[in-house]
Each structure stands twice: as C-alpha cells, then as structure tokens.
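Working notes, structure below.
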Amino acid sequence: NSSLQVSNKGFSEFSGLRTSSAIPFGRKTNDDLLSVVAFQTSVIGGGNSKRGVVEAKLKVAINGFGRIGRNFLRCWHGRKDSPLDVIAINDTGGVKQASHLLKYDSTLGIFDADVKPVGTDGISVDGKVIQVVSDRNPVNLPWGDLGIDLVIEGTGVFVDREGAGKHIQAGAKKVLITAPGKGDIPTYVVGVNADLYNPDEPIISNASCTTNCLAPFVKVLDQKFGIIKGTMTTTHSYTGDQRLLDASHRDLRRARAAALNIVPTSTGAAKAVALSSQALRGSSMALPLRVPTPNVSVVDLVVQVSKKTFAEEVNAAFREAADKELKGILDVCDEPLVSVDFRCSDVSSTVDASLTMVMGDDMVKVIAWYDNEWGYSQRVVDLADIVANQWK
C-alpha cells in the first residue's frame, strides 16, 4: 500500500498546471513503456519534502475514457501537489482516439497541454506517460501488475459491488464510482457528508452530478430553515446515453433525438439528497428534463420550510455558507447570466440569487446552476484526494 503523509492540502487549488516528472521518450516497446510508467511513479514526490506535498502518490487508473474520464484527467492535471498519480487508462477506442479527444474537446476547448500518442499503448501529457489498455472486462485488466491503488470507474456500467468489485479482483485496492452506486455502496458528496468517509470501504460512489449540485444548498436550507418536504426539477443537458437521431434504447424517451427534443427521464437525486436532509428522505420528488444543450444544467428546487423566512434571508444563508464551510463547493451569482456562462465552473452549484423566491413565508424556490461534467469531475478529484489522504 502507498504510505501517504499529507499536510495542509486544500480542495480548491485548481489554478496552474500540474508539475509532472518527465523523461525523454522515443520509440519504445511495451516492456519499455511499463518501465517508463514505473520510473515516473517512483520519482514523483521524491526529493525534499514541501508543504502540502505527499511523500508517495496514490497510483490511479481511469476505467472508461469518456466525458467524465477525460474531464477527470484535465481537472487532476490542473491541481497543484496532487496526492494522485494517474498511470493507466482503460479505453476501448485506441490510443490515437484517446489522445485526440483529450486534446480537442467541443465543450472544454483545446487542452492547454502537450498531448500525443506514445506507440500503440500510451499517451503523453506534458511529458508524463500514461499507459493505455483495452479490455471490456475489468477482471482482465493489469491493475495488479501496475500496482493500482484506486480505480476511477467512469463507464457508468460497473456501479454495483459485483461489477466494481471486478477491479479489485484484477488487483486494484479501491474503486471510486463516478455515478450513483447501486445497492449498499456508500455514497459521499464533498461538502455534505465526505467528512464521514470510511477508509475501510473498498468501493464508494461520488453520487450523480445533480446530487452534487443539489445536496450542498439543500444542506444549508435544512440547517437554517428546516425542510419539511419538497420537489425538484433539473433541466439537464443531453448526455451520451441519449440518441442523436431516433434509435433503439431501453428508455423509449431517450430513444428519441436528443438535439430535437425535451426528454423527461429519471434521476436518483431525490433519494441521494437525503444525505444532506433527513427530512427529505421519502418526502421529496425529482424530475429531470434533458434539453438540447451539450453541457451545463440547472436545478429548480421548491421546498416547504418550518421557519418563516424571506428571499433575502435565504440568499444571505447561501452567501455565508459559500464564504465559509462550503467555500469552493457552493457559489452565489447576482448577475443575469445564462447556462453557457457557467461552463467550466469549478463549484458544485451556483445559486442564482435573483431567482430565489419565497411564497407566503414558508415555501422557498431556489434555482442553481452547475456544470454537470467539469464541476462534477472536480468533486471526483476531491473525493479521490480524501481517499488518498486517509489511505489505509
């Protein structure tokens, strides 16, 4: 196991490019590539100790190099003194496609890093070589040979103990699922209940992007005003699980053309939001509407509260939390903005203060924006950092 010693590590260090060890890399064989990855892993974190730097980094593999997998890598790359070291990616599309889609992104723009393929089984990111493997069955992945500590499970497929457990069978020590987990898998939302993280758990979930938006400001509402019951609608950008044109899908609504329709679908956010408000356990409902935008979504929450209040007081509670315990997680916006303005927002949710309403004195309506890819991926990195900093 990696021996980690961490001091004074924050979760909001998103600025700047991550410094990576790098060595000259020419044409290599597969064995040479493994040696390079092993070499880089051994020297990262070496030398004199610095404040906020771990002595040994957690070896991380990304399973599924889609929207969240690539966003995660970009977010991690932008962190200073990360306790994580991404050394492997499992992607079925091949090295050329993986490197191209990492470098050029229709939503995020061009990645400010030198990205290129390395032979047929690696990509280089600013000189750091990451091995790329390809197998749809996690049991067959070389996690044991690579000494993988943590797998970022980003396929959306292996979300129960049996599926995610295949990574552990393959030799990984722990798994972090970037989707709602099924069954009894522990779910953690940074800023809400991540302080309760149990390092003895080998498999955990980072919940959904909508839960990560909703839970922080629901926590504030419940603590300040007492939530009785509520309902939530998320107007959500379409995702890769929908169809570009009408085509077969197990969900008949998602079978319809994503760019032409408003598509009602399902979400586990109502269940997961009980993490931040016991009052909402079994007394809340949620409806997602997928709309023809590629990124950024917005939550519309209406709750009945026990303490009489007014809009300015509600916004004041959000501002206080955003400046203190939820700094870097929650934000408040006073400008008349639209969805694209929240693209690449680092926070989990941004309350639109001008749209906060109180009906009577006990029914509160809150609108909050979130980048359902980038903001969520920042929280995946945060939770992975927590796993690293409490490694056992």
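The backbone N, Cα and C atoms fix where each Cβ goes, and this holds for glycine too.
Per Swiss-Prot, the features are:
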- 1-56: transit peptide (TRANSIT)
- Arg67, Ile68, Asp91, Arg136, Asn372: NADP(+) binding site (BINDING)
- Ser208, Cys209, Thr210, Thr239, Arg254, Thr267, Gly268, Arg290: D-glyceraldehyde 3-phosphate binding site (BINDING)
- Cys209: active site, nucleophile (ACT_SITE)
- His236: site 'Activates thiol group during catalysis' (SITE)
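Features as recorded by Swiss-Prot, highlighted on the structure.
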| residue | record | CB count, 10 Å |
| --- | --- | --- |
| Ile68 | NADP(+) binding site | 27 |
| Arg136 | NADP(+) binding site | 10 |
| Ser208 | D-glyceraldehyde 3-phosphate binding site | 22 |
| Cys209 | D-glyceraldehyde 3-phosphate binding site | 29 |
| His236 | site 'Activates thiol group during catalysis' | 22 |
| Thr239 | D-glyceraldehyde 3-phosphate binding site | 19 |
| Arg254 | D-glyceraldehyde 3-phosphate binding site | 20 |
| Thr267 | D-glyceraldehyde 3-phosphate binding site | 20 |
| Arg290 | D-glyceraldehyde 3-phosphate binding site | 23 |
| Asn372 | NADP(+) binding site | 25 |
Compile a sequence-ordered list of residues in the same chain as Thr210 (D-glyceraldehyde 3-phosphate binding site), six or more apart from it, whose Cβ lies below 8 A from its Cβ; state 'none' when nothing qualifies.
Thr234, His236, Thr267, Ala269, Ala286, Pro288, Ser297, Val299, Tyr370, Asn372
Run through the Cβ atoms and count how many others sit within 10 Å of the one on Asp91 (NADP(+) binding site).
24
Measure from the Cα of Asp91 (NADP(+) binding site) to the Cα of every one of the binding-site residues Ser208, Cys209, Thr239, Arg254, then give the nearest.
Thr239
C-alpha spacing of Ser208 (D-glyceraldehyde 3-phosphate binding site) relative to Ile68 (NADP(+) binding site), in angstrom:
11
Hey, does DSSP put His236 (site 'Activates thiol group during catalysis') in a helix, a strand, or just coil?
strand
Mind giving me a neighbour count for Arg67 (NADP(+) binding site)? Other Cβ atoms within 10 Å of its Cβ, every protein chain shown.
24
Kindly assign Arg290 (D-glyceraldehyde 3-phosphate binding site) to one of the three DSSP-derived states: helix, strand or coil.
strand
How many Å separate the two farthest-apart Cα atoms among the NADP(+)-binding residues Arg67, Ile68, Asp91, Arg136, Asn372?
26
Helix, strand or coil by DSSP: which one applies to Asp91 (NADP(+) binding site)?
coil
